[in-house]
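Worksheet: one structure, shown below.
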């Protein structure tokens, strides 16, 4: 029995995502719109700031689900682009005195270029699966060391302080989004917009090609698709989305430190997508928000217990719920973990279980 479970754990990271999402990005976006309109009226500024930061990390989870859940590319260093976006925004606005809009665009451009260079040398060289994951972790560690050592630009261990908030010039008028309520609405609108973009992308012809590559890359290659090129484009797109989260984090927090390249955060992103359900878009977003708020609550009680809780949840997810907490994923995980198939049950019983009655 244990051999079967450990074998499933070894292959879990590279298996394709479960098709048929229970948590639609459209439903998630609608829920964010409703909650976003009501929440500022019922909570204080501090609680609103905490939830806003959770939404920023939800954008990071959405970017990783786009890469791992949709394209099947596992990386342990996805937060590299989160940090590049944050530092790109901070350096441009603090060190060079540019506007927040220019800093935002600079952060996205830096992440896109870094992803293009890294993806070209790895994806076109045929690096896949666990080798790609290990090399991406090495890149993350290098980025963290660079942010710590390059003090004249990054500020070293202290980081960069005094980062301006979100503000834009429109037709001669200044749109200031730096207040807690205004930044909450800005982050919520951006997240809903990105959910819509991902929903349209995954239903396009390009999204279907990525689904084919994720299921069987060799078969997609035999059908005439340039798999490395498609994966590179998705790698760059997910990096840009991660950079969006990094720029928003820098603008809302007002400070950026080398901790944005932390391997712990990279592990948490994997956990959000795994629990929410790979390939569901909406699931990882909700999981990121829920676990971030749970972490905030647990850390206020005792900071030493959260890593243990995180590790236990991650281990349980790998062994018991490899397809996430969504209904279809839980039923499939239950069948795989216990060895019980609904097809072996009487027909009426199986119909009641599958129908949730």
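Using N, Cα and C of the backbone, Cβ positions are placed for all residues, glycine too.
Unlike curated entries, TrEMBL annotations are predicted automatically.
Taken from TrEMBL, the feature transmembrane segment covers 26-46 (among others). Remote same-chain residues near the transmembrane segment (26-46) are listed as 55, 180-181, 184-185, 188-189, 191-192, 195-196, 199, 281-282, 285-286 (criterion: CB distance under 8 Å, separation of at least six residues from the stretch ends).
According to TrEMBL, the feature transmembrane segment maps to 67-89 (among others).
Here TrEMBL flags 101-122 (among others) as transmembrane segment.
Under the heading transmembrane segment, TrEMBL lists 129-147 (among others). For the transmembrane segment (129-147), the list of distant contacts is 13-14, 73-80, 83-84, 87, 118, 122-123, 154, 258, 260-263, 266: same-chain residues at least six beyond its ends, Cβ to Cβ under 8 Å.
What TrEMBL lists as transmembrane segment is 182-202 (among others). Long-range Cβ contacts of the transmembrane segment (182-202) within its own chain (Cβ-Cβ under 8 Å, at least 6 residues beyond either end) map to 24-26, 28-29, 32-33, 36, 39-40, 48-49, 51-52, 55-56, 58-59, 62, 66, 70, 165-166, 176, 210-211, 237, 241, 244, 248, 251-252, 281-282, 285.
The transmembrane segment annotation in TrEMBL covers 231-257 (among others).
For 305-325 (among others), the entry in TrEMBL reads transmembrane segment.
Here the transmembrane segment (67-89) has long-range neighbours at 13-14, 16-17, 60, 100, 103-104, 106-111, 114-115, 128-130, 132-134, 136-141, 143-144, 147, 154, 160, 163, 202, 207, 210-211, 213-215, 217, 230-231, 234-235, 238-240, 242-247, 249-251, 256, 258, 260-263, 265-267, 269-270, 273, 277-281, 284, meaning same-chain residues at least 6 beyond its ends whose C-beta is under 8 angstroms from one of its own.
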